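Comments concern the structure below.
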Amino acid sequence: MGCGMSTEDKEGKARNEEIENQLKRDKMMQRNEIKMLLLGAGESGKSTILKQMKLIHEGGYSRDERESFKEIIFSNTVQSMRVILEAMESLELPLEDQRMEYHVQTIFMQPAQIEGDVLPPEVGSAIEAVWKDRGVQDCFKRSREYQLNDSARYYFDNIARIAAPDYMPNDQDVLRSRVKTTGITETTFIIGDLTYRMFDVGGQRSERKKWIHCFENVTTILFLVAISEYDQLLFEDETVNRMQEALTLFDSICNSRWFIKTSIILFLNKIDRFKEKLPVSPMKNYFPDYEGGDDYAAACDYILNRFVSLNQHETKQIYTHFTCATDTTQIRFVMAAVNDIIIQENLRLCGLI
């Protein structure tokens, strides 16, 4: 009787080899697939980073996609002006030119969601006229006292172009548009040999309980903080400072048992607004131990140290970048640096460095 393998044994061996090879392929694929979780408090710039990834790595937005942003941009613009006009009432700030009252009524008559391909010309004219009023400008300067979209001034300054009949949103218009993120959105893109699956989760408090679904096998956390909000209060709770909320959230994420082995990249975002605010809104009013006055570098160092010092793990490194999420050139450079960090972390985890 021969000692050769039976047909059944050969088939079993072949199946085992195929399973082992598939497991190896899966492991290689996992190493090349980066699961990145975008975290941060509401309005910190997470969705803007995702839009930048589309611009930088996916060839940008098609004409149809740009068209789809029109209603969002129109609604953002009208709603922002309405917020200012309502704030003028509560802050008891009058219009300088009472003839503007007609335009104010036009703005208040608009629905919350503007529909259509063109902003009605009377609405564009009303916003353009009212934005020039000194009373409106004075109220805008006090925007930290109420909840105003960061992009308000940008859209008001560009209202003539936005209200034109042939208007087509450009990259900046799209990047600055704001829709509250609810639930979890996933974006996939490729950088070099790595495939990124980037998850954006709602930043408002009511959305945070949904983050748990994203936690498994996360390679990296990209945590965003709007440092320009050091003097603002939460949308959901106007007794809580936004920067304090971000510090509390970062503490809970950085030191969570879920993320002991997860690399964390911290984007200290909205540096353009931060630099503008420092001379007119002293940081010491909100953080009494800060001693740097309106010096931009000193203020950046202070905030950086406040976040990094929360890390309780000696072996865990927090990678930090100061960013302006609407600046495509800068985000392209920063994300290239992030990619290098992730490659190094992958090699280290695989024992290759």
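Glycine is treated like the rest: Cβ placed from N, Cα and C.
Sequence annotations record features per position, and here Swiss-Prot assigns GTP binding site to Glu43, Ser44, Gly45, Lys46, Ser47, Thr48, Asp150, Leu175, Thr181, Gly203, Asn269, Lys270, Asp272, Ala325. Around Asp150 (GTP binding site), taking its Cβ as the centre, 20 other Cβ atoms fall within 10 Å, counting all chains.
When secondary structure is read from DSSP and collapsed to three states, Thr181 (GTP binding site) falls in the coil class. There are 19 other CB atoms within 10 A of the CB of Thr181 (GTP binding site), with all protein chains counted. Feature annotation from Swiss-Prot assigns Mg(2+) binding site to Ser47, Thr181.
Sequence annotations record features per position, and here Swiss-Prot assigns compositional bias 'Basic and acidic residues' to 7-25.
Annotation comment: Swiss-Prot describes 32-353 as domain 'G-alpha', evidence class sequence analysis.
Residues annotated as N-myristoyl glycine in Swiss-Prot: Gly2.
Sequence annotations record features per position, and here Swiss-Prot assigns S-palmitoyl cysteine to Cys3.
For 1-25, the entry in Swiss-Prot reads region 'Disordered'.
When pLDDT values are averaged over the region 'G1 motif' (35-48), the model yields 89. Per Swiss-Prot, the feature region 'G1 motif' maps to 35-48; the stated evidence is sequence analysis.
Taken from Swiss-Prot, the feature region 'G2 motif' applies to 173-181, supported by sequence analysis. Counting only same-chain residues 6+ beyond the ends of the region 'G2 motif' (173-181), those with a CB under 8 A from a CB of the stretch are 42-43, 46-48, 51-52, 55, 61, 66, 69, 72-73, 76, 149-151, 154-155, 158, 162, 200-204, 207, 325-326, 328.
Taken from Swiss-Prot, the feature region 'G3 motif' applies to 196-205, supported by sequence analysis.
Under the heading region 'G4 motif', Swiss-Prot lists 265-272. Counting only same-chain residues 6+ beyond the ends of the region 'G4 motif' (265-272), those with a CB under 8 A from a CB of the stretch are 44-45, 49, 150, 220-229, 250, 300, 303-304, 307-308, 318-327, 334, 338, 341.
Taken from Swiss-Prot, the feature region 'G5 motif' applies to 323-328.
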Original post:
By a simple count, how many Cβ atoms lie within 10 Å of the Cβ of Asn269 (GTP binding site), its own Cβ left out?
Top reply: 27
Subject >> Secondary-structure category, per DSSP, in which Asp150 (GTP binding site) falls >> reply: coil
Original post:
Who are the long-range neighbours of the region 'G1 motif' (35-48) in its own chain, taking Cβ under 8 Å and residues 6 or more past its ends?
Top reply: 150, 175-176, 178-181, 196-205, 211, 214-215, 217-226, 229, 234-236, 242, 245-246, 249, 253, 267, 269-270, 323, 325-326
Original post:
Which Cβ among the binding-site residues (Glu43, Asp272) has the fewest C-beta neighbours inside 10 Å?
Top reply: Asp272
Original post:
If you skip the near sequence neighbours and keep only those at least six away, which residues in the chain come within under 8 angstroms of Ser47 (GTP binding site), Cβ to Cβ?
Top reply: Arg178, Val179, Thr181, Asp200
